[in-house]
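Enquirer: Supplied in C-alpha cells, the structure appears directly below.
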Amino acid sequence: MRILGIDPGLRVTGFGVIDQSGHTLSYVASGVIKTADADLPSRLGTIFEGISTLIRQHSPDQSAIEKVFVNVNPQSTLLLGQARGAAICGLVAGGVPVAEYTALQLKQAVVGYGRATKEQMQQMVVRLLNLSGVPGTDAADALGMAICHAHGGTTLSTLGGIAPSLAKKGLRVRRGRLVG
C-alpha cells in the first residue's frame, strides 16, 4: 500500500510518500510545496495543484493529514485550516481516502512520546525509513504522518495513552519492558 502523508501549511506544505508491505516501510519520496508571496486564493490554488500533481506522480492508495490545532493567534489557525482544506480537496478530488491525526497521535506513533521535539521526529523518521540523510522538518512531519497511518495511528495513540496510568503506579516502559 502506498501512503501520502501531508503536513499542511500556507507557506510550506510538507509531503512524504512511503510504501507499506506487511510490517516493512519503504521511502518513496518527500519534499515541500512552497507558495509564492501572493494573495490567499492563489496560495490555496498552488497547494491544491501541488497535491494533485503528487497524486498523478505517485498514485497513493491512502493519505494522512495533520488535524488543525488552535494556535495562540486565531488568524494563523484560520489560515492553516484553509491550507489544510485545500490539501484535503486535492486528495478527495484525486480519489484518495483521507485519514486525520493530531500532532499528539503523530508523535506517539512515530517517537513513542506525545511531546517529542521536531529533531526527535526527524531522527525517528530517518531510523524507521533507513534514510541516508535527514529530511527537513516539514517533509519529516509528512513522512511521520504516513508512518503514523501505516502503523494504525489511532490504535497506537490509544495504546500510548496507557503510559500516564502506568506512571501513576510508578511504572514506565523502557526498551519495550515495564520497569518500576
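Glycine is treated like the rest: Cβ placed from N, Cα and C.
Annotated active site per Swiss-Prot: Asp7, Glu66, Asp138, in sequence order. Swiss-Prot lists Asp7, Asp138 with the feature Mg(2+) 1 binding site, giving sequence analysis as the kind of evidence. As annotated by Swiss-Prot, Mg(2+) 2 binding site applies to Glu66.
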Enquirer: Helix, strand or coil at Asp138 (active site), per DSSP?
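Expert: Helix, per DSSP.
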Enquirer: Taking the Cβ of Glu66 (active site) as the centre, how many other Cβ atoms fall within a 10 Å radius?
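Expert: The Cβ of Glu66 (active site) has 25 Cβ neighbours within 10 Å.
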Enquirer: Between the Cα atoms of Asp7 (active site) and Glu66 (active site), find the distance and write it as a whole number of Å.
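Expert: With distance taken Cα to Cα, Glu66 (active site) is 6 Å from Asp7 (active site).
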Enquirer: In whole Å, how far is Glu66 (active site) from Asp138 (active site) when you measure between their Cα atoms?
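Expert: Rounded to the nearest whole number, the Cα-Cα distance is 12 Å.
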Enquirer: Over all shown protein chains, what is the count of other CB atoms within 10 A of the CB belonging to Asp7 (active site)?
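Expert: That number is 26.
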Enquirer: Specify the count of other C-beta atoms within 10 Å of the C-beta of Asp138 (active site).
Expert: 24
Enquirer: DSSP three-state call for Asp7 (active site): helix, strand or coil?
Expert: strand
